[in-house]
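As written in TrEMBL, here are the features:
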- A:63-97: repeat 'PPR' (REPEAT)
- A:129-163: repeat 'PPR' (REPEAT)
- A:227-261: repeat 'PPR' (REPEAT)
- A:295-325: repeat 'PPR' (REPEAT)
- A:326-360: repeat 'PPR' (REPEAT)
- A:541-633: domain 'DYW' (DOMAIN)
Amino acid sequence: MKAVSKLLHLMPPSTLSCSHRYSSSLQETSSLLNDFANFCYHRDLPRAMHALDAMEKHGVYADATTYSNLIKCCLAHKAVREGKHLHRHVFSNGYAPKTFLINSFLNMYVKFSLLEEAEKLFDEMPERNVVSWTTMISAYSNAKLKDRAMRFLVLMVREGVMPNMYTFSSVLRACERLYDIKQLHCSIVKVGLESDVFVRSALIDVYSKLGELLEAMNVFREMVTGDSVVWTSIIAAFAQHSDGDEALDLYKNMRRVGFPADQSTLTSVLRACTSLSLLELGRQVHVHVMKFDQDLILNNALLDMYCKCGSLEDAKFIFNRMAEKDVISWSTMIAGLAQNGFSMEALNLFDSMKVRGPKPNHITILGVLFACSHAGLVDEGWYYFRSMKTLCGIDPGREHYGCMLDLLGRAGKLDDMVKLIHEIEYEPDIVTWRTLLDACRTHRNVDLAAFAAKEIQKLDPHDIGAYVLLSNIYANSKRWSDVAEVRRAMRTRGLRKEPGCSWIEVNKKIHAFIMGDKSHPQIDEINSQLNQFICRLISAGYVPDTNFVLQDLEGEQREDSLRNHSEKLAIVFGIMSFPRDKTIRIWKNLRICGDCHIFAKLMAKLEQRHIVIRDPIRYHHFKDGVCSCGDYW
DNA sequence: TTAGGGTTAG
């Protein structure tokens, strides 16, 4: 009796008034409904849809919770057709579903990326509550329709519907202007929703995306109830803005207060290790990564860490055993090989990718052009550049032109460079002129260098790089009066050259060596060892290459100046600190100079060491007296 | 019935 009254209650008014249409008994329909509810509850989609057909024949309707279960089932099975069928069923015969059931359909269309259907349904809703509005706002945020998301927030408030924590955390993701974020932040505090962990992580995320790390940190510091996603958000914020130290400190604190790290946390921690070249710490993180063996993003981060820390064997091992590889995995490996001096391997891998990998994207092509550029493969570079549109469907962008200019510049084809600059549809930017200037330094074209430097100064009078490069070029040509003039111009504008600095990790501690700085506690011993090594190298034929000395110095003074280069100190410190079988890994802020490059090759041979130096552009693996860059950098 | 953090280059 109870089932019958329930059924009558659920029948749409229109069908109740014409009950003669039913040919089955109430008992039959009751059992039909029970079966249907059961199938929906157990997410048995085929049987539920079958039961739905039977119900349609009998004009029977279930309760909203049962339909909602079936919608979830359609979502889980990605069953779009069945979802639409259900929608038609529920709205048939004048049945008026409750708002919360319509919201479920709205959510279903959004999850199926059928935004037009969702919009149509939303427009037809007799009444819309906070969930209806938030579902649409979230859909627009995800679809990057940011203006629409913001406009819907305004509209809902105008209609008297108050946003909740779901709404704020969704709409924040659509915010691109600091002003809007501040306004929303203000509203959030006013209605007392700032302690919601979803809202907090969204705030940290949007502040971070705009580079407002102080604001992000303030939001994080106000957290009373801990939450691992909020922790991960702030760690990611610093990792993404190259503040690896702060990211790692936060990670240590997170663990100290008892929050476990998951895939997302570890991905950001690896990124921090990568930015600091902390291979040993990266290896320790790798142990934790094992728990999340199948996570593609995490594996990609691990792969990148090994590439950027110059450990190609580990990188290849990870790449080969990854069960799933996407375009990022392939691009990372190709660029990693290229940056570490294995250009041919990089190009071979690109060929394999075309056969059995995902479709290359514009970043993959950058790695390929980088490989050509750093191996002097001019013809191959032109081939990939000219055919990228037909091979991969990608139009060359500014960065691709930049790579080609770099390739021509390294190969000494300065005329072709100038020709290409005229061909590019974009206005030449600072990077373009700096590439030309750099090529002029390598290939000693003083006049063209002066022209490029002036172009840079026109675009940015405070660009210190142009002054330094021009000064280097004049110094290489022994035009000391021109050097003095450039230096004077730098002084007038208050510009100072960034001092060369090299870092090395020994016993989990980072040691920094700055040119001319004597503050390292073992500096006397290092200098003494360095002098002994230089004497041994000179007797073996080493001639210091004083072309890299910038000051107007003579004879021995010029050689002394070279001795102070930070990477030489770091190499000697590495030799003093590590056993022979341990790779010496150094990273530095400026490009390695020619003399230090020769010194590193000879030291690798003399001491039978493997030395890896990472500069801002690429890596040099020194072994047996040769470098992986083939002296071409 | 509505919301969260992570990967390649530059």
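Keep in mind that glycine also has a Cβ here, set from the backbone N, Cα and C atoms.
Broken down by DSSP into helix, strand and coil, the domain 'DYW' (A:541-633) contains 37 helix, 16 strand, 40 coil. DSSP labels the residues of the repeat 'PPR' (A:227-261) in these numbers: 26 helix, 0 strand, 9 coil. The DSSP breakdown of the repeat 'PPR' (A:63-97), given as helix, strand and coil counts, is 27 helix, 0 strand, 8 coil.
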